[in-house]
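Undergrad: The structure is given below, and queries will be raised subsequently.
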Amino acid sequence: MRETLMFYGEIVRRWRVTGAIGPSGPVLARAMADAVGPVAAGQVILELGPGTGVFTRELVRRFPAARVVAVELNDRFAGHLRTAVPGATVVNGCASRLDAHLAGLGCTAHDVAAVVSGLPLLVLPGDLPRRVFGSVAGALRPGRRFVQFTYSQKAWRRFDATGFRPDPPRRVWRNFPPAVVLPFTRTD
Ligand SMILES: C[S@@+](CC[C@H](N)C(=O)[O-])C[C@H]1O[C@@H](n2cnc3c(N)ncnc32)[C@H](O)[C@@H]1O
C-alpha cells in the first residue's frame, strides 16, 4: 500500500516520465519474467524503469543466480528500491546511458542476458525513446531478449524497432489496465 501511494505521488510530481496510472501487478510481473529466456549463472538482467520494484522482485526471485541491475531515473524510486529489494543492484540514472552504467559495474554487453523494460517508451519526451532504444541495442548481443510491456499494442506498431525481431506477444488481462508483453529478439 505504501509503495502504491508513493507511485501515485510520483505520477503527480513527474507524470511525463512515470507514464502510468499505477504500478504493475504481480501477474504482469510473472509474464514479463516468463519472456526473458535463458539466463546463465552470473549473467546480468538489466531492468529499465523499475519504479517501486514490482518486476525487480519477480526477476530476483525467478533468476537467483543472475545479477539484476535496475536502472531508474527517479531518485526517490531508486532510493526506495535500494532498501526494498536488496537482491538487486540499483543504478540511479537514465536508460539511454546503458553502456556507461554497465562500465561502472565492470560489465559489458557480453554479460547481459536480457533487458526488461517498464519504461513508458511511447510517451517519453523528445528523442529520448530513440536514444533509449539505441542504448538497449548496444547492450544486447544477437539472439538475446528485450522485453517491453504496453497498454496499447496498436501504438507500438508505429515504433521503429530496427535491429530487433518481434516475437509473439502475450496479453495479460489480470492487470490494471490490461497490458501486453512484447518480447523482441536482437538480430545482427
Ligand atoms: C510506467 S512506470 C513503470 C514502473 C514499474 N516497472 C511498474 O511496471 O510498475 C515507468 C518507470 O520508468 C522510469 N523512467 C522513465 N524514464 C526513464 C529513463 N529515461 N531511464 C530510467 N528510468 C526511467 C520512471 O521513473 C518510472 O519508474
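Keep in mind that glycine also has a Cβ here, set from the backbone N, Cα and C atoms.
Any TrEMBL annotation is an automated prediction that lacks curation.
Keep in mind that this is a model prediction, so the values were computed, not measured.
From TrEMBL, for reference:
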type	residues	note
DOMAIN	28-171	domain 'Ribosomal RNA adenine methylase transferase N-terminal'
Undergrad: Mind checking how the domain 'Ribosomal RNA adenine methylase transferase N-terminal' (28-171) divides into helix, strand and coil residues in DSSP?
TA: 55 helix, 32 strand, 57 coil
Undergrad: Looking only at the domain 'Ribosomal RNA adenine methylase transferase N-terminal' (28-171), report the model's average pLDDT.
TA: 96
